[in-house]
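Working notes, structure below.
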Amino acid sequence: MKVVEVKHPLVKHKIGLMREGDISTKRFRELAKEVGSLLTYEATSDFETEKVTIDGWNGPVEVDQIKGKKVTVVPILRAGLGMMDGVLEHMPSARVSVVGIYRDEETLQPVPYFEKIVSNIEERLALVIDPMLATGGSMIATIDLLKKKGCQSIKVLVLVAAPEGIKALEAAHPDVELYCASVDQGLNEKGYIVPGLGDAGDKIFGTK
């Protein structure tokens, strides 16, 4: 499995700011969007382009345009919504699919509760977004679902990943690509990433 930890100084700076214990909801949201945007820039660097002639200000001009790439952005509810606007900044015409999965805090197992997948998913690249890759259970369940629907091309974008989650994801889906802002130390006894960001969903939505 291709794993890319984006080491750009802006990404490292912003993910560092997100680790503040008393960060405000407003600031956390802003940074989640910004880092999501920067990860998208990296994850789409292999998109093919083609030459297209357009009417410029001084007559015809040949420009590069992305070559017929169909994309669906797939936020995992609810925390994935915090990254969605940053991703869509670069691809405002992308279709959005939604998958609702939460992690049972006792068993740490994923529990699906909602799905709305775009049509023709088999023709699209799916960019699955979620702030945290902890045990990997929710991400694996989401990718299982997308593949059952016919999706054949999947990239995962997360803010912070634990080695345990990366290992589990690679074992289940070695054909996907993972882009993250940081690979952290690991999981604590409660299954939270350390040092991590805390509960990203609560910080994005202002809940506890």
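Note: Cβ is positioned from N, Cα and C throughout, glycine not excepted.
Per Swiss-Prot, these features apply:
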BINDING   Arg78, Arg103, Asp130, Pro131, Met132, Leu133, Ala134, Thr135, Gly136, Gly137, Ser138, Asp199  5-phospho-alpha-D-ribose 1-diphosphate binding site
BINDING   Ile193, Gly198, Asp199, Ala200  uracil binding site
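Overlay of Swiss-Prot annotations on the structure.
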residue: Arg78; record: 5-phospho-alpha-D-ribose 1-diphosphate binding site; DSSP class: coil
residue: Asp130; record: 5-phospho-alpha-D-ribose 1-diphosphate binding site; DSSP class: coil
residue: Gly136; record: 5-phospho-alpha-D-ribose 1-diphosphate binding site; DSSP class: coil
residue: Ile193; record: uracil binding site; DSSP class: strand
residue: Gly198; record: uracil binding site; DSSP class: coil
Met132 (5-phospho-alpha-D-ribose 1-diphosphate binding site) versus Gly198 (uracil binding site) - Cα distance in angstrom: 10
Neighbouring binding-site residues, C-alpha within 10 angstroms of Asp199 (uracil binding site) - of Arg78, Met132, Ala134, Gly136, Ser138: Met132
Residue among binding-site residues Gly136, Gly198 with least C-beta crowding, 10 angstrom cut-off: Gly198
Rounded distance in angstrom between the Cα atoms of Ala134 (5-phospho-alpha-D-ribose 1-diphosphate binding site) and Ala200 (uracil binding site): 12
Rounded distance in angstrom between the Cα atoms of Ile193 (uracil binding site) and Asp130 (5-phospho-alpha-D-ribose 1-diphosphate binding site): 14
Surrounding CB atoms that lie within 10 Å of the CB of Arg78 (5-phospho-alpha-D-ribose 1-diphosphate binding site), all protein chains: 18
Integer Cα-Cα distance in angstrom, Met132 (5-phospho-alpha-D-ribose 1-diphosphate binding site) to Ala200 (uracil binding site): 8
Rounded distance in angstrom between the Cα atoms of Asp130 (5-phospho-alpha-D-ribose 1-diphosphate binding site) and Ala200 (uracil binding site): 9
Candidate with sparsest Cβ neighbourhood (10 Å radius) among Met132, Ala134, Ile193, Ala200, the listed binding-site residues: Ala200
